[in-house]
Structure formats: C-alpha cells, structure tokens
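A.B. asks: Below you'll find the structure I mean.
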Ligand code: PNS
C-alpha cells in the first residue's frame, strides 16, 4: 500500500490545495490530508470546521481521508505507515523553506517528500490572501471551492472585520 500525507493548515482549503490533493490521489493508493493543530496560532476556522470542509470537498475522491495531527510530521507519517509527504510548490519562493523541511524530515526519519508543481492557475493563491480579500468583501470564488466561499461569507458576517 503506497500511502501519502498532504499536510498543512488548510485555513481554509483553496483550489490550489485541492488540485494537489486530486493529483496525489491518482499517484498513491491512499492519501491522508493531515490538518496541523497549531497551539500557538489561532486560525479563522477551527480544526473541526477545516476537517468538515475538507471532507465535503474531497468526498468525490474515495482514497482520500482527512485527519488532524499534532507534533512532528515525521512521527505522524510513521504512525500512519505513510512513506511520502506531498507538498505543492507555487513558486521559487516556496522552495527554500520546503527544501529545508524536506531535508530535515528525511534526516529525521527517512520519509520522502514529493514536490508537486502547483497548477499555474493557482500559483499566487494563498489561504492568508483569500481570508484578507474575503474579510473586506472581495471576490474569492475563483480561488476557493463554493463551500469555502460560503463559509467565509458567514464567518465574516458573524465576526465582522475586527
Ligand atoms: O499549510 P502550512 O501551514 O504551510 O503547513 C506547514 C506544515 C504543517 C506542513 C508544517 O508546519 C509541519 O510539517 N508542521 C509539523 C511540525 C514539524 O514536523 N515540524 C518540523 C518540520 S522540519
């Protein structure tokens, strides 16, 4: 069984993430989307919300499952018998940090990292920018799935722009 992990914050998931997840699901028997629980960073969406959204938008991919994780990614990969981490690379600017983490991770445990070039349609899309645009009423429909667009609208209606 070839199992890969797509780790990230997914706050929220974008069309760029989904493209990487979809393509990974064709390469591996199973793909786990692993949502990082970051104790030091309060996100816009709770971990439970991110997981629920991710499950909904990937329900067409039968070999993809969604979980949360804490601690080291290499430990999570070992515990889940995953041999590969898949990372999307949007631009050269992503590469420096991703290379450093990949080299650290292979040194720590032998887990391989596969860098997958992002679809150029989404090379400038980032969850942080999407949140900023949505917060001020900008159009995000081409960057995120419809469900996320709806949830962003609801979120900013509830919490405002403070
Ligand atoms: O979507 P993000 O926030 O860019 O994802 C970053 C993530 C979750 C892939 C990275 O922060 C990570 O792997 N965190 C787990 C902790 C860990 O293993 N740190 C050591 C990395 S060498």
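Glycine too: its Cβ is placed from the backbone N, Cα and C atoms.
A TrEMBL annotation is a machine prediction, not a hand-curated record.
Note that the coordinates shown come from a computational prediction; the quantities given were computed from them, not determined experimentally.
Okay, so TrEMBL annotates it like this:
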type: DOMAIN; residues: 5-132; note: domain 'Cytidyltransferase-like'
type: BINDING; residues: 9, 41, 73, 87; note: substrate binding site
type: BINDING; residues: 9, 10, 17, 88, 89, 90, 98, 122, 123, 124, 125, 126, 127, 128; note: ATP binding site
type: SITE; residues: 17; note: site 'Transition state stabilizer'
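For the listed features, I'd like the structural context: burial, neighbours, distances.
C.D. replies: Just so you know, the Cβ of residue 73 (substrate binding site) picks up 21 other Cβ atoms within 10 Å once every protein chain is counted.
Sequence-distant contacts of residue 17 (ATP binding site), defined by Cβ-Cβ distance under 8 angstroms and a gap of at least six in the same chain, are 6, 8, 10, 88. DSSP assigns residue 17 (ATP binding site) to a helix.
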A.B. asks: Between the binding-site residues 41, 87, where is the Cβ count within 10 Å the lowest?
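C.D. replies: It is 41 that, of the binding-site residues 41, 87, has the fewest other Cβ atoms within 10 Å.
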A.B. asks: Within the domain 'Cytidyltransferase-like' (5-132), count helix residues (DSSP H, G, I), strand residues (E, B) and coil residues, in that order.
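C.D. replies: The counts are 58 helix, 29 strand, 41 coil.
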A.B. asks: Average pLDDT across the domain 'Cytidyltransferase-like' (5-132)?
C.D. replies: 97
A.B. asks: Just the binding-site residues from 41, 73, 127 whose C-beta lies under 6 Å from any atom of ligand 1, please, or none if there are none.
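C.D. replies: Near the molecule: 73.
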A.B. asks: How many Å separate the Cα atoms of residue 127 (ATP binding site) and residue 9 (substrate binding site)?
C.D. replies: 9
